[in-house]
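Here's what TrEMBL has on this protein:
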type     : residues : note
TRANSMEM : 37-55    : transmembrane segment
TRANSMEM : 67-84    : transmembrane segment
DOMAIN   : 137-271  : domain 'Palmitoyltransferase DHHC'
TRANSMEM : 183-208  : transmembrane segment
TRANSMEM : 228-250  : transmembrane segment
REGION   : 315-386  : region 'Disordered'
Amino acid sequence: MSVMVARKKVVRKWEKLPGRNTFCCDGRIMMARQKGIFYLTLFLILGTCALFFAFECRYLAVQLSPAIPVFAAVLFLFAMATLLRTSFSDPGVIPRALPDEAAFIEMEIEATNGTVPQGQRPPPRIKNFQINNQIVKLKYCYTCKIFRPPRASHCSICDNCVERFDHHCPWVGNCVGKRNYRYFYLFILSLSLLTIYIFTFNIVYVALKSLKIGFLNTLKETPGTYPSMSLTVLTVLEVLICFFTLWSVVGLTGFHTFLVALNQTTNEDIKGSWTGKNRVQNPYSHGNIVKNCCEVLCGPLPPSVLDRRGILQQEESTAQEGSCARGPGMQEPSATQGPGQAQEGHSALSPQVPVPSVSDTEMPEEKQRTPGELPVPSPDVGRAEH
């Protein structure tokens, strides 16, 4: 006998979110799918700092000051913390419209634009919005089926609309938007300081060694654990990594410092939104560098609107085989029973259909008998025996 049992399976919202993102730790970590360059970033930072702490820091702490490795460790930990915070957080993804909301927006657009004759291009889907006496256009996203908020843009790599979209950074493996821009800026700033710090003290290390034992002897010096590799070779490797990192990271930090001072995003700067031919003023700038920096770096951080760990309940029906205990009056249905009789027997065993009890008073008159009276056999029984 089969019984249908309905089970409720708990599904988190992050499992059903559209877009090209990956989630870890039950939706707590959100990243882009392309994470190869992010792993390269971790390798370069961890490798360079490991070499510096393993070799140069021990010598410099004895010869100069024990504060050198302490300050380097502080910079390293701060850079790693801001990197992971930038990479693992929601940059400000805007949820896509639900089917009912998308249908309502389509009706609004049709009512505003009217019927477009066949063969003609429909007008652009744009809404005008006023900010600080400045007209800002809200563009319609055909993927997310929404009118994007001001300064938002659709990332083609993550396939999401991001609020105050700055750019997609493969080095951190995530988009940079309203909710993680300050951590991205602090990451590149601390990484610049860490790179300059290691680069400087690597040169100091080689200079101190050369003053004591000479430059050529310094090049030939080898540590006990690595007899085939010179200490200076490792130092030169660190210097080369830091030198090429300086050109990109320090330059990037300077560029974003300029953007923070103007309260502007990389996307707006590339498109020339406020410095184009129209010479439109930036409506988001306060006209003061300090106020702009405070708003971007110290302003309130909005919560995520995705609700990634919210619960969705989905019912799943599964059939399970179960055995039903038979009483003494129950018998197996005979093989000679017809289809109708088998169906009646099955309905009698079903718990949903109660079987009414028939008392003696409800029997026909010819079948009723008084208490103590023996049942009289039917004449048909005698005929059947003959």
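Just so you know, glycine gets a Cβ as well, placed from its N, Cα and C.
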Within-chain partners of the transmembrane segment (183-208) [C-beta distance under 8 Å, separation at least 6 from its ends]: 45, 48-49, 52, 56, 59-60, 63-64, 68, 71-72, 75-76, 78-79, 82-83, 85-86, 89, 166, 169, 172, 176, 215, 218, 232, 235, 238-239, 242-243, 245-246, 249-250, 252-253, 256-257, 260, 296-297
Within the domain 'Palmitoyltransferase DHHC' (137-271), residues counted as helix, strand or coil by DSSP: 77 helix, 19 strand, 39 coil
